[in-house]
């Protein structure tokens with residue numbers, strides 16, 4: 001086992017504080033509408049330029065191991081805030097730095113660290129309650145656009161795109177961000193259910209100009225098995241041909257003789273057919289087939305429940321207004337499924353989301369809800385260079401998380417104003433002893449830090465503006481972008497309540513642990529022993 005280096009008391013805390021300050025100083029220059037960029041060197045390719053706090057934090061590793069421990073703990077604050085709300089990473093870092101700096105001053109002055117931490121925790125619990133009272137629901141698309149704009153660093157086009165996407169696919173809809181091909185940002189909305197499986201044979205194509213298959217008012221056969229024998233399909237094909245409608249077959253696979261016969265029938269114009277593989281694998285495939293059945297009022301033909309493909313009738317088939325299939329995707333538009341049944345299915349999947357343990361499962365279930373409930377929107381980010389593209393894509397993703405958080409828990413006045421108002425509301429809070437009271441004051445003072453940092457980044461005098469804002473009431477604050485005072489909510493400067501709450505809770509949690517640190521242990525650097533010179537050979 002390697003030898004260890006151990007530091008105690010003030011020596012340890014000073015080193016840790018240096019690390020906290022180095023990381024936080026690098027992150028906090030990005031805060032607010034006039035925050036600056038940080039350039040991150042990459043071992044290959046062009047450097048990354050970012051205004052995203054957590055991206056900056058993740059890059060920082062310090063040479064001194066004790067300082068690095070402090071930096072890594074603050075990095076944890078930014079990561080946790082990012083995981084919980086998807087934004088507010090810089091605010092969380094600024095709050096943590098303020099609490100640690102003020103708290104360690106109090107420890108150096110002889111206060112009991114454990115009571116300080118208890119005081120800080122009391123203040124945060126009270127502050128979160130007050131934040132909830134200040135919160136306003138975020139329901140209309142104007143407010144959603146404003147939240148998106150603020151989170152994307154005052155980029156209005158991004159805010160509008162996100163609001164438009166949410167309007168089209170609903171609050172539950174899946175919105176994804178992709179790299180576009182042009183200079184302009186674009187929004188693609190896919191209404192209906194889309195899944196990532198294309199046609200099984202290019203001979204099904206009936207729209208050569210777009211390379212796609214389009215079926216109008218088709219019947220949809222859903223089979224949870226491989227189909228290789230055409231005999232199994234004949235009864236259904238004959239019934240569909242009599243009805244004079246096209247047919248879409250969604251099965252685990254269609255191969256061999258069955259696929260060849262379908263292709264020949266299609267090319268001769270006897271019956272219009274297209275076949276695709278069912279989406280997903282294993283149990284997820286069964287569930288997604290059931291989703292399609294719910295959407296199209298069909299039945300999944302599965303041998304598990306004793307149904308045979310040869311005995312399927314038109315009543316077992318689903319129907320939709322239109323189906324579009326290209327090389328990689330299938331879209332089912334306007335299934336004839338009953339709205340109440342679809343909502344029941346959605347509620348069932350939501351229950352599974354609540355119980356899901358892994359993020360991956362949760363994400364997949366969320367996608368299924370979106371496909372049943374609304375649709376899928378894709379925001380394609382446009383930029384002139386790859387460096388700009390990466391930076392912009394990260395901002396748009398942040399803005400998307402922020403708007404989701406706003407819809408979930410509502411919004412409060414932005415620009416650091418909400419925390420100032422909360423601090424004044426709980427100014428009379430008292431702890432069980434004097435040291436806890438100092439802890440409460442540490443937390444209250446730290447709540448001013450985000451506003452001060454926004455003002456400093458805008459090149460103004462922090463104390464003057466902080467005092468003016470404190471003298472005001474409600475959502476009165478300072479707009480650093482236009483350099484004027486006024487009603488923050490009226491000016492559209494909003495922060496999601498969830499983002500502000502998460503930032504405060506995670507900052508206080510980690511900062512409280514750092515204040516109560518008394519000893520730090522790390523590995524001693526290994527000394528490289530000089531290689532022995534090779535012995536001379538006798539001649």
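From the backbone N, Cα and C atoms, a Cβ is placed for every residue, glycine too.
Same-site candidate for ATP binding, as annotated by Swiss-Prot with 30, 31, 32, 33, 87, 88, 89, 90, 91, 415, 495, chosen from 51, 65, 430: 51.
The Cβ neighbour count for residue 88 (ATP binding site), using a 10 Å radius over every protein chain in view, is 32.
Counting Cβ atoms from all protein chains shown, residue 32 (ATP binding site) has 27 others lying within 10 Å of its own Cβ.
For residue 90 (ATP binding site), the same-chain residues 6+ apart in sequence whose C-beta sits under 8 angstroms from its C-beta are 27, 28, 30, 31, 35, 53, 78. Non-local contacts of residue 415 (ATP binding site) by the CB criterion (under 8 A, 6+ apart in sequence, same chain) comprise 32, 451, 454, 477, 478, 479, 480, 488, 493, 495.
Around residue 51 (ATP binding site), the same-chain residues six or more apart in sequence whose CB sits under 8 Å from its CB are 30, 35, 36, 37, 38, 153, 391, 395, listed in sequence order.
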